[in-house]
Amino acid sequence: MAEDGAHIAMVEDSGTWRFPASAPLRLDSGGEIAGLEIAWRSFGTLNADRSNAVLICHALTLDQHVAGTHPVSGKPGWWSLLVGPGKPLDPDRHFILCANVIGGCMGSTGPASINPATGQPYGLSFPVITIADMVRAQAMLVEAMGIETLFAVVGGSMGGMQVLQWAADYPERLFAAVCVASAARHSAQNIAFHEVGRQAIMADPDWRGGDYVRAGVRPDKGLAVARMAAHITYLSEGALQRKFGRELRRDGLSWGFDADFQVESYLRYQGASFVDRFDANSYLYITRAMDYFDMAAPHGGVLAEAFRKARDVRFCVLSFTSDWLYPTPESRDIVRALNAAGARASFMEIESDKGHDAFLLDEPVMLSALRGFFEAAAAARGLK
Amino acid sequence: MREDFREILRLVRPSARVLDIGCGEGELLELLAREKQADGRGIEISAQGVSACLARGLAVAQGDADRDLEQFPAKAFDYAVLSQTLQATHRPKAVLEAMLRLAERAIVSFPNFGHWRVRWSLLSRGRMPETRALPDPWWATANIHLCSLADFTALCDELGLRIEACAALSADRPARQIDPRKAIENWRAEQALFLLSRRPGPDFVEPTDGPRDLFSR
């Protein structure tokens, strides 16, 4: 759709940017992706001096449909509480852009895309990608759209990792950075949970060594189990207990292995609905990118070095008390490194029993903190 | 304006790098930025305070003086400010040392337990003092490490800290420069504000832990 950038200046827009084969995406692995496609969605209007652009980076299983209505599920965008009229990120003031990550399955080049070299779906011939590769692709898109400097880059969970990578790799191209419920590297526990998910997918006979698209099947069972396991890590013990307790679906036990408990039924539903909107190989590739993420590694283990050039960026780092996937000490490590690098870092731990998912939910303290942060940054940036 | 803020504003050099420990809603940091073009950072224990600071455009991290000062590299600041909080920390001695690791100078204020009202209250009633400067009953107060001027100057001597300036503060009077080692001031000062620096002595060791020079302009 929008190839020329002429009609990105609409209140809401979407499209797929196709880069010519002459402008491939170079990858950390040493390879490259030629004929890169990036699917994006935007809200609001880019102002005359192109200074009001906000890039939102999405989490593992989310997509570019951050606000508005999701074209597949028909549900409101995943961060509608943050993005929308009168919200902290307001299309009346900001040009809000979100792009599907590479490796994803909502329109950007990923393992389900057709490999132009073979005419067949990539499958496992898709190169292993990293968070930095995702960010490099976003930087190509942002540049192609004629945006030199982003007012802010914002994201939670894997989106927060991309935010940190943006600050490290393109510090001169962003004014403010918001990293919510995230970490500067994947912990052993994070990797362990991802491995469970990947093994569930690969154990499904319909996975077919990653070549299921050509075989006309889908490893739905494996992908559903991966989602069920991951979903538990997004919640908290308290949230599960409050929501389900030991509630049964009907009177009495079945004395079998049906879903007797409400929590079982809920997880099965989460798994079943996930497979309708997500690709199993994408799940493998994106979880791998997260596992490989360690911002300090290229700097001899000194995280502060990664942010050395990001001293002029205004950072806001947020965590949640009950998030055991990316617990508060991970955010504190980020803040400590930012302070050591001399950056302007703010940090807040928000009281919540909703676990990791809190960043997507109605957490008034988070939303008002972000509203204040964006308003102060806009004043400092001279945005109206 | 609060009398201690007025005094701090007077002490801080223009364009200084300042860490305000327990910065509340950021009033002092905002004042310092406006009046002294200070480059400020804050630490605040309450989410509400941090949120208010974010809305003011200040860089503030949630945390507390006892645990979270190690996140800053040595000599990252010109001044570290701790206003009316030292007596509420778990390890005031370690907090003072940490302040002078990360900053050239420390500005510390606290209620003086040697003030005549406090002494009189304890002497006459035989109960823990409840005064204008120390309004809470013993079972509700956050002040777990109260000290007098004499106690504090003794600790400064032990830590090798130089007292560059000291002012007596009270709610209804302008700040008064004092010599905190004079016994009479230990009776008269309701609260005191100190400007401290490290005294380079024979056993003075440059603070070296943590990365350095990353913060300089």
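Quick reminder: no glycine exception, Cβ is built from N, Cα and C everywhere.
According to TrEMBL, the protein carries these features:
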DOMAIN    A:53-361  domain 'AB hydrolase-1'
ACT_SITE  A:Ser157  active site, nucleophile
BINDING   A:Arg227, A:Asp357  substrate binding site
ACT_SITE  A:Asp323  active site
ACT_SITE  A:His356  active site
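Locations of recorded TrEMBL features on the structure.
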{"residue": "A:Ser157", "record": "active site, nucleophile", "DSSP (3 states)": "coil"}
{"residue": "A:Arg227", "record": "substrate binding site", "DSSP (3 states)": "helix"}
{"residue": "A:Asp323", "record": "active site", "DSSP (3 states)": "coil"}
{"residue": "A:His356", "record": "active site", "DSSP (3 states)": "helix"}
Only counting partners 6 or more residues apart, tell me which same-chain residues put their Cβ under 8 Å from the Cβ of A:Asp357 (substrate binding site). A:Tyr234, A:Leu235, A:Ala239
Between the C-alpha atoms of A:Arg227 (substrate binding site) and A:His356 (active site), the distance in angstrom, to the nearest integer, is 15
A:Ser157 (active site, nucleophile) has its Cβ surrounded, within 10 angstroms, by a count of other Cβ atoms equal to 27
Rounded inter-Cα distance in Å - A:Asp323 (active site), A:His356 (active site): 4
Fewest neighbouring Cβ atoms within 10 Å among the recorded positions A:Arg227, A:His356 goes to A:Arg227
List the Cα distance (Å, whole number) between the residue listed as 'active site, nucleophile' and A:His356 (active site). 8
If you draw a 10 Å sphere on the Cβ of A:Asp323 (active site), how many other Cβ atoms land inside? 28
I'd like to know the mean pLDDT over the domain 'AB hydrolase-1' (A:53-361). 96
